[in-house]
Amino acid sequence: MPRQSGAEGSSARDFLCNAGAGAAAGAIAATFVCPLDVIKTRLQVHGLPPGHEGSIIITSLKNIVKKEGMRGMYRGLSPTILALLPNWAVYFTVYEKLKGFLHSDDDRDGQLSTGANMVAAAGAGAATACTTNPLWVVKTRLQTQGMRTDAVLYKGVLSALSRITQEEGFRGLYSGILPSLVGVSHVAIQFPAYEKIKHYMAKKENTNVENLSPTSVAIASSISKVLASVMTYPHEVIRSRLQEQGQARNTGTRYAGVVDCIKKVFLKDGIPGFYRGCATNLLRTTPSAVITFTSYEMIHRFLRQIVPPEEKYSQSPTGPVKGGHGGESNIEVSNKSEAQPFDHTTTWFL
């Protein structure tokens, strides 16, 4: 994403290009890895599939296709994509505002410190989680409803939102919000790690981060994503279990809250219980990160070409800026914006 000083803030063009490219890239990645996401969610909620032999992933895929057909592999895709659109719009907007607020003249090369970036990323992630949590609840339930015989099936996204609101109220739409907020630690880990790895590889290749090869970007994004995923995975298990409960009729809730859920998971499965589906998640998040980065770069470049630069319409008190000190300043800002179209990632939502 373009770097901007705190004074500049985020322009409408930058917002359009970054949010549009981010949402599109996220949707593309979500579509590719949806089957693995379904398996991961079901392993988190229901544990190991019955009668599995050999690979859990292969067994899970066979069970889903046998019982629910190919459609079962893409349960929850619609709310996932729908959630990604406001998800990225909110994230980019809040992130830019926080970055501008935290900007200091002492920041090297105009970049925020690692600590400031962590705060900005976590703050944006928290705002995004609060905004889109209802859609993630729907996604989880659509992905797991085929495994429960005591549940009345949801017909779709709108049906699920309506029923959850009527049957469980506001609380049902925001079930799992606390572990989701804890989950913003994911980007607080992933972003600084990605930046460090990227700068290390740039130094190793004797180039700058803006000119890193696609392979290097893929490696940096993969390593940072795996690191963040492993460190923050337990919260996803807790969140999924809290979000999934409530869809069965005439049954009490299994978990009274976050603490109760943690206790019951630990007593039943021990530490391994907090990492159910982790291997599947890593197989999902790694290609997801690579696809997201690659798609983002291509779409962002395309949007930059078709969306006219704002400098063309900027006016000084005496007319259009066409040179001089003011013109040079505008050109410099424009070049900085073009230099690094993607300097952070928030695909913990995928």
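Easy rule for this one: first residue shown is 1, then count along the chain.
Note that Cβ sites are derived from N, Cα and C of the backbone, with glycine treated the same way.
Keep in mind that TrEMBL annotations are predicted by a computer and have not been checked by a curator.
So that you can see what the record holds, here are the features copied from TrEMBL:
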| type | residues | note |
| --- | --- | --- |
| REGION | 310-337 | region 'Disordered' |
| REPEAT | 13-101 | repeat 'Solcar' |
| REPEAT | 112-200 | repeat 'Solcar' |
| REPEAT | 212-302 | repeat 'Solcar' |
| TRANSMEM | 76-95 | transmembrane segment |
| TRANSMEM | 115-138 | transmembrane segment |
Remote residues contacting the transmembrane segment (115-138) - C-beta distance under 8 A, at least 6 residues beyond either end: 76, 79-80, 82-83, 86-87, 90-92, 94-95, 98-99, 102-104, 107, 154, 157, 160-161, 164, 172-177, 180-181, 183-188, 191-192, 195, 243, 344, 346, 348-349
Per-residue pLDDT averaged over the repeat 'Solcar' (112-200), given as an integer: 84
